[in-house]
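Q: Residues or ranges marked as domain 'CAF1B/HIR1 beta-propeller' by TrEMBL: 86-402. Per TrEMBL, domain 'Protein HIRA-like C-terminal' is recorded for 637-858. Summarising the annotation, TrEMBL assigns region 'Disordered' to 443-462, 469-508, 563-585. What TrEMBL lists as repeat 'WD' is 95-136, 153-186, 201-232.
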Amino acid sequence: QIHIFRRRSSAGQPEPRAMRLLKPIWVVHTSGSDVRTSAASIYSVDFHPDGSCFATGGAAELRIWDAQALRLELENSGAGSDSSVARKSALLATLTSHSGDVYCVKFSTEGHLLASAAADNGIRLWRKKSADDQAALNGSLAGKPEWESRHMLTGHNSDVKDLSWSPDDSRLASCSLDSSVLVWRLTADLAGKFSLSPVARLQHETCVNGVAWDPVGRFIASSSDDGILRIWRNSDQDASGGRIRPRSPVDRWTKEADLTQHMVEHRLQTFFRRISWAPDGMNLCATNALKDSMHAAALFHRESWKVAAVFHGHKGAVVVARWSPRLYAPKTGDGSYVRYVAVGSCDHSVSIWTDSQPKPVCTIVRAFKSPITDICWGSDGLTLLIVSHDGSLCACKLSPTELGEPKPRDFATDVIMQKHSINPRDGMAEPGLIENVTQLRLEAPSSSQASRPGQKKKRITPTLISVAPRATNGHVPSQNGQPAIQHGGQPAAQNGRPAIQNGRPKKRRRVVATVAPLGGAIGDPPRLVGSYARTSTDGERTIRRHLYTSKDASESYSLECRDEDHADLASPGGDGERQAKAAWGRRTTVRVMKTGNSKPVWQTMLNTRVTCCDGAEQMTVIGCQDGSLHLFQTATGLRLLPPLVVGRCVAGLCCKREVAPPGGKGAFSAFAVISTDGFVHVFDGESLKSILRASAQEIIQSVSGIGIDEGAAPRGPALLFRIDLSKQNEPILVLGAAPKGKDVPDVAQSFLFGKDVGAWLRLSDSEYKQSDFSSPRLLFPHGLGPLSKLQVETLRTTIRRSQAEADAEVTEAHLEDRLVCALTIDSADEFQAWLLAYVGFLAGHGKEGKLRRFFDTLLRMWSKEGADESATDADHGDLRGGAGGAARTAVSGVWSNRLGLDTRTLLQSALKTISEDRRMQSFVEEFSEMLSELRDG
């Protein structure tokens, strides 16, 4: 039996009963035939803005329901009844594209899109098909509306728990258990096609379970498990709501405040922490609060961020708050309007409050058997939907006698404009008039238009890299598919399988670790400065690695290296017992086996400990602690050379495989090795001759801070995270260093040894954290190239710092650095993407002079005439600081079209990017004419 408690009137009598409740059993998420016994949890509910339908999210699906059927039952049948007609016709659609439970569903402000977030780490965008589309598909306009999934957004590493649209529908905020909030930008062309891309990542220290966008458009609020309600300010907006950086490819958000008053930690008690802004934007209602040992919802004031009111009295944690979208006429005549918020709790009850009263307007109890999961209001301001873990939905119809007469729908917008001097629907808009035909042509949709590299399907992605979770407890996140390195222990798990660690005090416990695909170091990270890396000697350890995989399982090889104590049994002691002493310390048994056969194909013994290994069908390479490198033929175990001594201790190695021809087998083209004393060797994979020998001592000292800055905090020895080879067989090193006495690095950099210049070139640096493009995933949402993978790796392997405000000068320097690095490693896709980002940045910041010099230089240098004239054209001196002929020749050599790009298409794409800022229309028209002249010539 459902109980409803109401606040008494001023005369002491209960207010007239006008509320109606209904629990329709046909609103259910289930795969069984009996809805009463097989109902699954419903986690979220949301009304369409026009009130025509509502959506629910549950077990791996979301469902769309007809709201009219619900209204008919509320108005005609009363509480507790059911209608077979409504039950048959109310379900409009069942959408099952998610592979995990759907935790949140949210219609956009205008209702054109529906967003859903789920336990599969993804977000899907749905749109209702038009009548014409359905007619073409079904041959008739009759029938229920059909919904289609338009986009799958990936960027989170764990369950996505909550969503919130911006007031103008140009952005979507999502929060996840991966401790982050992602901001997505929605763009659409004149043909109605739209796309989304991440433009900002906001970081918490623990899981984030609630997010809400300020109705004014200036703030995002996010609530995390550690009891912190964090307010983020949009730094790209001026006082009037205009964009400071028009058409910037990323958004700039800064932390405004951390609200902790009355907020508590209840990590095991609260599955959600759904928060909500008042429709006038003046208050934020936060869940999971406490007052006088009672569970409550806290109301924070927008200007001071102090608690304005506390709604307390629930017996369980408050997990959801939702303000009514409408403002109401006061029943007493005091004030201009009244606001109401509904609060749901783990005690299975819901209460409705107004901040002008100390007690709830009403409380609904015994309607559910499990905690409340979500609440939503209808656009009429009088309909309330509540869902619970028990899999049921309760519809509540209130009346103006209880809440007051709802104000017109645009009244809340008028209040925001009056209080904040901004129209929330235009908060992210970028007005401007088209001044010429060129601008109109560039903004028009075109099927032949060159897309940005970030939107291409074909991309240079030799190795897939996943977003690593936040480093905690001294762990370094996994990068590039390698097992994460635990300082002082063994590598962490790979491919989601937990690794057995040697941290517990068990004797002789064997540790099994997966070797990195690129042959990274095993055990402790090698300390490249000082004595050779001493790895742990407690217990036995086995290293297993797949050397070669073939369609024929009988031709697939795997390598096993098992190290164990090796003792020389000396003469017996005085008591007659043998006394063992370690003569060699460690030795390693090496076995190569075929898949499915436990008997080794061949076996040998090494009188030292293996630190790293790699191999293929052609050859197996093993690096050891004594600095030796052992080469074996994989199929027979035949030694190819005597042990090569490459330094004190082999810190890491990698083998580069050639792409196998059709029907053929890949072979080594080269392999590289680095020792702990900093010597790098590269060998040819077939002739076994030396290709390159170099010293990395310069970059080791640079990363460690030796002799760089005497006033800087001291760092420990440099750590090797990875060694790799470029397309030209040039070694690539990813190094880092931790503050002295600490375990986790605070700096990481990657380097490539340039054969032509005979020096190390720095390709990525974790110190660019204040750049708008510090995370290349914002520019490459569909896959990373080799340069971007290095950038991600250098950032992810360092200590996670607090959100730093982006700096325009740092961003500009970072983009210029990315451009020349992409040229250096011959990464065409990345060069195109960084070039478009660079010209877009210069245009957005009004740097027309620098943009003009840069574009003019590329236009002349990459044109047919410019190939010969660039060395003598005095106009190029502006970009190169007026350098002489030798300098101009050097610049031409570096910036020549060495990547074989389609110059005209690239420059047209650059002009289109610049045209997104309508302040640059005259620039775009001028250079469009120049490009046309070069083409005609």
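In case you wondered, yes, glycine gets a Cβ from its N, Cα and C as well.
Looking at the shown structure, can you explain where the listed features end up?
A: Mapped onto DSSP classes, the repeat 'WD' (95-136) shows 6 helix, 19 strand, 17 coil.
Long-range Cβ contacts of the repeat 'WD' (153-186) within its own chain (Cβ-Cβ under 8 Å, at least 6 residues beyond either end) map to 100, 103-106, 108-110, 112-113, 115-119, 121-125, 194-217, 220, 222, 224, 232, 251, 253, 272, 274, 424-429, 466-470, 777, 781.
Same-chain residues lying 6+ beyond the ends of the repeat 'WD' (201-232) with a Cβ under 8 Å from its Cβ atoms: 155, 158, 161-168, 171, 173-183, 241, 253-260, 263-265, 267, 270-281, 284, 286-288, 300, 305, 412, 416, 420, 422, 424, 427-428, 470, 775, 778, 800, 802-803.
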Q: Quick test of the contact rule: Cβ under 8 Å, at least six residues beyond the ends. What residues does that give for the repeat 'WD' (95-136)?
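A: Sequence-remote neighbours of the repeat 'WD' (95-136) are 41, 43-50, 55-64, 143, 145-154, 156-169, 172, 174, 176, 184, 186, 196, 272, 374, 425.
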Q: Quick one: mean pLDDT on the domain 'CAF1B/HIR1 beta-propeller' (86-402)?
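A: PLDDT averaged over the stretch: 85.
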Q: Helix, strand, coil residue numbers for the repeat 'WD' (153-186) per DSSP?
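A: So the counts come to 0 helix, 21 strand, 13 coil.
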Q: How does the repeat 'WD' (201-232) divide up by DSSP, counting helix, then strand, then coil residues?
A: 0 helix, 19 strand, 13 coil
